[in-house]
Amino acid sequence: LSSITKEKDIRENLERLSRVEQDHSEFWKRMAEKNGISLEGVKYRKKKVIFLLFISKILGKNLTINILEKGEIESIYKYGNYLESIKADETEKSQISDIINEEISHEAVFQSFSPEKEDQLENSRSIIYGMSDGLVEVLAAIAGLSQIIASNVLVAMSGMVVAIGGTISMSLGAYLSRTSESEYRISLLDKKQMIKKSPERTDEINRENSKSKKAALVVGISYILGSMIPILPFFFFGNLIALFISVIFVALAQAISNSIVALSLNTNIGKSSFKGGSIISRSGSCNIRGWFCVPPFPEYICWIRFKERFYYQFVSFINCQIQLFP
């Protein structure tokens, strides 16, 4: 990882950490041999290294560092439990305690690699906000449209119209919301700047001014990407099959996006991904169930019949959403 890192301070820290980890490896090797455990043929986990390098290319430096940080936390717990359970002399216990302290210092080093943690939190919030809305709103729209429009292509085109309108609305909302917050922060920074001039505060003001456009861009891109997921199956399959595929794709996409955000925030990945995917799946199953709850009717229907069907589907959808959150 250090060989592909451009930042000099991060690269030097990674190289130093690798040397310390090598010393830890030698210590545990001696401990294993002392207890009669042969480590012949045991090598480093090459697949894990390749995976981390791949992740660093796809998800970037910060998320990869968060993965390494999680590994350090797990190592601290394991070493602590081992220290309490073994019967060893004071020298060995002292060495294990030193290793634990070094692992704790490694965690602090990893945290120092991401000074822009606040910006990372805001970006993560914007991504999940935009993508989740794109996934759910467009899925709900095409689920209803697919039951009153016979052509799957027309359903997909209608979904794209909804997605474009939603993207504009969400981007504008994110821009106005972030602008109000930035204006408040800038007013506080201006007061501090009047009391004492500081180049750092000037840079901070400039960063605040650029955050509104960035928030709108992140939310807009996330929304349009999320909205395309439930729409695409309708270009290739009939309404019912396409809706079923869309629900599966949306649940998977929601789980993946929640996992990435959880990783960036150092929270429980499994819990976040399962929560997002299960809610979408239950919501989608309610929409699919609507296909079998309404009696069939002729393709050429009058406006009154159309309103009756639309009203039934709307009430059914609302009931399903209420059931999700008892």
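In case you wondered, yes, glycine gets a Cβ from its N, Cα and C as well.
Marked as domain 'Rubrerythrin diiron-binding' by TrEMBL: 7-112. The annotation transmembrane segment is assigned in TrEMBL to 127-149, 155-176, 215-235, 241-265.
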Beyond the flanks of the transmembrane segment (215-235) by 6 or more, those residues with Cβ under 8 Å of it:
122-123, 126-135, 137-139, 142, 146, 152-153, 155-156, 159-160, 162-164, 166-168, 170-175, 177-178, 241-243, 245-247, 249-250, 253, 257
Where does the mean pLDDT land for the domain 'Rubrerythrin diiron-binding' (7-112)?
71
